[in-house]
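Peer 1: For reference, Swiss-Prot lists these features for the protein:
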type: DISULFID; residues: C25-C50; note: disulfide bond
type: DISULFID; residues: C28-C37; note: disulfide bond
type: DISULFID; residues: C43-C73; note: disulfide bond
type: DISULFID; residues: C77-C93; note: disulfide bond
type: DISULFID; residues: C94-C99; note: disulfide bond
type: DOMAIN; residues: 24-73; note: domain 'UPAR/Ly6'
type: SIGNAL; residues: 1-22; note: signal peptide
Amino acid sequence: MASRWAVQLLLVAAWSMGCGEALKCYTCKEPMTSASCRTITRCKPEDTACMTTLVTVEAEYPFNQSPVVTRSCSSSCVATDPDSIGAAHLIFCCFRDLCNSEL
């Protein structure tokens with residue numbers, strides 16, 4: 001009786017582990033303002049991170065333009081050091097649903 005209960009418990013545990021939902025990220029393939037990049041995408045199972053790439057920021061007066069970004073799902077997101085000098089584009093990674101909305 002105990003072994004039958006244990007088998008049922010294992011089957012339920014195995015089933016529930018396989019039912020996890022994929023990560024959801026905001027995505028936009030083309031660079032656009034941060035406020036405009038709001039498409040929600042269910043990522044592939046191998047994607048483990050949401051990635052935001054900062055493409056440009058206005059560097060001249062009046063400094064009121066929104067940042068231009070791309071956002072995507074990523075299976076191997078490698079963030080750039082925000083203090084790095086000369087980086088072509090800053091890359092930010094996060095690891096929960098819809099976490100890449102800021103910037």
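Glycine residues also receive a Cβ, built from the backbone N, Cα and C atoms like all the rest.
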Peer 1: Among the disulfide-bonded residues listed here, C28, C37, C43, C77, C99, which has the most company in the form of other Cβ atoms within 10 Å of its Cβ?
Peer 2: C37
Peer 1: Long-range same-chain neighbours of C25 (disulfide bond), Cβ under 8 Å, sequence gap at least 6?
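Peer 2: In sequence order, the residues whose Cβ lies under 8 Å from that of C25 (disulfide bond) (at least 6 apart) are I40, T41, C43, D47, C50, M51, R71, S72, C73, D97, L98, C99, N100.
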Peer 1: DSSP helix, strand and coil counts for the domain 'UPAR/Ly6' (24-73)?
Peer 2: 0 helix, 28 strand, 22 coil
Peer 1: State the mean pLDDT for the domain 'UPAR/Ly6' (24-73).
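Peer 2: In the predicted model, the domain 'UPAR/Ly6' (24-73) has a mean pLDDT of 89.
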Peer 1: Sequence gap of 6 or more, Cβ distance under 8 Å: name the residues on the same chain that satisfy this around C94 (disulfide bond), in order along the sequence.
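Peer 2: A49, C50, T52, N100 - these are the non-local Cβ neighbours of C94 (disulfide bond), listed in sequence order.
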Peer 1: Whose Cβ, among the disulfide-bonded residues C73, C93, has more other Cβ atoms within 10 Å than any of the rest?
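Peer 2: The most densely surrounded of these disulfide-bonded residues is C73.
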Peer 1: What whole-number Å value do you get for the CA-CA distance of C93 (disulfide bond) and C28 (disulfide bond)?
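Peer 2: Spelling it out, the Cα of C93 (disulfide bond) and the Cα of C28 (disulfide bond) are 15 Å apart.
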Peer 1: Tell me the Cα distance separating C28 (disulfide bond) from C77 (disulfide bond), rounded to the nearest angstrom.
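Peer 2: About 16 Å separate the Cα atoms of these two residues.
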Peer 1: How many neighbouring Cβ atoms, not counting its own, are there within 10 Å of the Cβ of C50 (disulfide bond)?
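Peer 2: Taking all protein chains shown, C50 (disulfide bond) has 27 Cβ neighbours within 10 Å.
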